[in-house]
């Protein structure tokens with residue numbers, strides 16, 4: 001059981017790393033276009049909070065035999081911080097204010113949890129407090145793409161829900177869910193079981209709508225109609241000009 005526990009922990013580290021790196025394709029597009037377009041910035045600060053709390057929970061003085069939880073979530077915290085800063089640079093002003101507000105709350109929540117657990121709690125009480133905090137915000141992290149899933153259903157397009165991000169949500173959730181079951185740690189198993197289910201839903205949506213081009217927005221349709229009308233007008237002017245020359 002200890003060997004299986006370690007194996008799933010290592011596999012969980014690998015899939016989680018791919019999950020953290022999956023949005024790099026999205027951010028490459030954001031940097032290239034110098035715009036966040038319709039991409040949601042909410043998942044990144046929420047993932048950062050999850051990483052910080054999970055890394056804290058995995059430390060030896062909080063919970064035993066969870067070093068693998070700390071290593072990958074510490075790495076994830078660094079990566080997610082970079083994503084947040086890139087998003088803040090290229091997001092519209094209104095979105096920038098919202099994401100900065102969430103980012104500030106993330107730091108405040110983590111600081112509060114860390115200080116309370118370090119100075120006010122000890123032993124099982126510390127593990128319970130930190131575990132509950134990590135569980136709650138892990139579930140919130142996994143639930144943050146729900147807005148994108150709604151956009152996919154509304155537009156019938158998966159343009160703003162990258163496949164690899166959905167795939168690694170599923171793989172990461174599944175591996176850590178099994179890791180938590182083997183280690184009999186509900187604070188690891190419960191939120192990642194939720195992540196496994198949500199990742200499954202995202203993959204189902206992807207395969208339903210991946211062949212669709214999606215519905216165009218009203219503004220896009222108006223622009224296309226205007227271009228078509230101008231083209232028709234130009235063609236008509238050319239025809240009229242030829243007729244005048246013949247006369």
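Note: Cβ is positioned from N, Cα and C throughout, glycine not excepted.
Note that TrEMBL annotation is computational and uncurated.
Record features (TrEMBL):
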COMPBIAS  217-236  compositional bias 'Basic and acidic residues'
COMPBIAS  237-247  compositional bias 'Polar residues'
REGION    217-247  region 'Disordered'
TRANSMEM  6-27  transmembrane segment
TRANSMEM  39-59  transmembrane segment
TRANSMEM  71-92  transmembrane segment
TRANSMEM  99-120  transmembrane segment
TRANSMEM  132-153  transmembrane segment
TRANSMEM  160-182  transmembrane segment
TRANSMEM  188-209  transmembrane segment
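Between the transmembrane segment (6-27) and the transmembrane segment (71-92) there are at least 3 Cβ pairs closer than 8 Å, counting only pairs 6 or more residues apart in sequence, which means the two stretches are in contact. Outside the transmembrane segment (188-209) by six or more residues, the chain places 66, 69, 134-135, 138-139, 142-143, 145-146, 149, 152-153, 156-158, 161, 163, 166-167, 169-177, 179-181 with a CB less than 8 A from a CB of the stretch. 39-59 is the stretch from 39-59, 71-92, 132-153, 160-182 with the greatest number of Cβ pairs below 8 Å to the transmembrane segment (99-120).
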